[in-house]
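Enquirer: Structure below; questions to follow.
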Amino acid sequence: MPVLAALLRRGPLLQRRVQEIRYAERSYVSKPTLNEVVIVSAIRTPIGSFLGSLSSLPATKLGSIAIQGAIEKAGIPKEEVKEAYMGNVLQGGEGQAPTRQAVLGAGLPISTPCTTINKVCASGMKAIMMASQNLMCGHQDVMVAGGMESMSNVPYVMNRGATPYGGVKLEDLIVKDGLTDVYNKIHMGNCAENTAKKLNITREEQDTYALNSYTRSKAAWEAGRFGNEVVPVTITVKGKPDVVVKEDEEYKRVDFSKIPKLKTVFQRENGTVTAANASTLNDGAAAVVLMTADAAKRLNVKPLARIAAFADAAVEPIDFPLAPAYAVPKVLKDAGLKKEDITMWEVNEAFSVVVLANIKMLEMDPQKVNINGGAVSLGHPIGMSGARIVVHLAHALKQGEYGLASICNGGGGASAMLIQKL
């Protein structure tokens, strides 16, 4: 202080210089480094087929079940959850603030702030990423994040205005808001066909990949590899016994002999994408409880995994299937890792061609990619899927191993997240 006082007596120029030094050294954050963020529980519902076993439940109810299951698995009081983010794409007809409905339905305090995230198919993962950022910065210390979708309950709509002579045309919001490239006015499946052509990926390769996805999913269920991540869903039917759904529904509904014979859906001439080698319309929800490492110590909770890195990327809208190949290198660079350091890859199977394209572009080992199947065989509730693949990695990895999940989204985007099992 005597030195500063002496400097201040030497005139205005030195006084200004001292003020600049003080300003530069001033800190506006409680910690100079980011908090470490850990996953302490990771839960999902079974995935229901379109108009299938879970179709009587709205997305918000499925979200409540996943959130409640995750908090119970974490073994913490609900009051400890300071905020919640959930991904949800097809919100038409769900009512105000879907995440708020899901959170209050799970029994969390009325004071819990809630936000719904819509990044199309990457919504569930983006919710986890944004919650992680909140925790890293110290804005909160315990959060819930995930994704939910009930494609079975998405309504049809018609334009407002006078009814014209000849009637009105109803639009399916699944197609309009979830599966259409608004820039090129084409279905996501046509974008997938464009990718297949660009990278010379054949119908036969896609069919083989789809068969492998179904085979892997069946083997994983039979070996109990999904058991720790799935919470049963009880369906109450008036006048009948309750129905308990414990397993994914979609992977059982396949006839392998029909796959090579199916007609292409989006491009009749020289097309490659069929109903079998694309993902299906589905219902489900997934949630994780995230907290800072300090909060985990305070609550005496043993983490499953830590959030190591995450990133987004964007390309031309028609090339959305390729976008993960641009997000993944960002994640690896941020984490200081190489591809060889990754034990398991999850690349969301929106279409078989998506995974095949990213394996080719990133030169990944196919034996490490979606080793327990993916959306082609398990199903693709679009707001849930990004969270589901993170949930699966949190359980499937062994201690010390790294897993990298990536998912493309309509509009030319992708999100990717790296976790390390603890």
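Including glycine, each Cβ sits where the backbone N, Cα and C put it.
Residues or ranges marked as active site, acyl-thioester intermediate by Swiss-Prot on the basis of similarity to another entry: CYS121. Residues annotated as CoA binding site in Swiss-Prot: TYR214, ARG253, VAL254, ASP255, LYS258, SER279. As annotated by Swiss-Prot, K(+) binding site applies to TYR214, ALA275, ALA276, ALA278, VAL376, with the evidence given as similarity to another entry. The feature N6-acetyllysine is assigned by Swiss-Prot to LYS61, LYS176, LYS185, LYS218, LYS240, LYS252, LYS258, LYS333 (among others). Sequence annotations record features per position, and here Swiss-Prot assigns N6-succinyllysine to LYS169, LYS185, LYS197, LYS238 (among others) based on similarity to another entry. Swiss-Prot lists HIS380 with the feature site 'Increases nucleophilicity of active site Cys'.
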Enquirer: Considering only the binding-site residues ARG253, VAL254, LYS258, which residue has the minimal Cα-Cα separation from LYS197 (N6-succinyllysine)?
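Expert: Closest recorded candidate to LYS197 (N6-succinyllysine) by Cα: LYS258.
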Enquirer: Compare the Cα of LYS238 (N6-succinyllysine) against each of the recorded positions CYS121, ARG253, VAL254, LYS258, ALA276 and report the nearest.
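Expert: Of all the candidates listed, ARG253 is nearest in space.
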Enquirer: Counting other Cβ atoms within 10 Å of each Cβ, which of the recorded positions LYS218, LYS238, LYS240, HIS380 scores lowest?
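Expert: Least crowded of the recorded positions LYS218, LYS238, LYS240, HIS380, by Cβ count within 10 Å, is LYS238.
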Enquirer: Sort out the sequence-distant neighbours of TYR214 (CoA binding site) for me: same chain, 6+ apart, CB within less than 8 Å of its CB, listed by position.
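Expert: Expected: TYR251, VAL254, PHE256, GLY373, VAL376, SER377.
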Enquirer: Given the recorded positions LYS185, LYS252, ASP255, LYS333, HIS380, which lie close to CYS121 (active site, acyl-thioester intermediate), meaning Cα to Cα within 10 A?
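Expert: Of LYS185, LYS252, ASP255, LYS333, HIS380, within range: HIS380.
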Enquirer: Rounded to the nearest Å, what's the C-alpha distance separating SER279 (CoA binding site) and LYS240 (N6-acetyllysine)? Just drop the number here, would you?
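Expert: Each residue's Cα considered, SER279 (CoA binding site) and LYS240 (N6-acetyllysine) end up 32 Å apart.
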Enquirer: Give me the sequence-ordered set of same-chain residues, not including TYR214, ALA275, ALA276, ALA278, VAL376, with a C-beta within 8 angstroms of the centroid of the K(+) site's C-beta atoms.
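Expert: Sorted by sequence, the hits are ALA210, SER213, VAL254, ILE259, THR274, ASN277, SER279, THR280, SER352, SER377.
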Enquirer: At the Cα level, what's the spacing in Å between LYS169 (N6-succinyllysine) and ALA275 (K(+) binding site), rounded?
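Expert: Per the Cα atoms, LYS169 (N6-succinyllysine) and ALA275 (K(+) binding site) stand 25 Å apart.
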Enquirer: Hey, of LYS176, LYS218, LYS240, LYS252, LYS258, which of those recorded positions are within 10 Å of ALA276 (K(+) binding site), Cα to Cα?
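Expert: Cα within 10 Å of ALA276 (K(+) binding site): LYS258.
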Enquirer: When a 10 Å sphere is centred on the Cβ of VAL376 (K(+) binding site), how many other Cβ atoms does it contain?
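Expert: Excluding its own Cβ, VAL376 (K(+) binding site) sees 31 Cβ atoms within 10 Å.
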Enquirer: Cβ atoms within 10 Å, counted per site: which of LYS61, LYS197, LYS252 has the most, among these modified residues?
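Expert: When each Cβ's neighbours within 10 Å are tallied, LYS61 tops the list.
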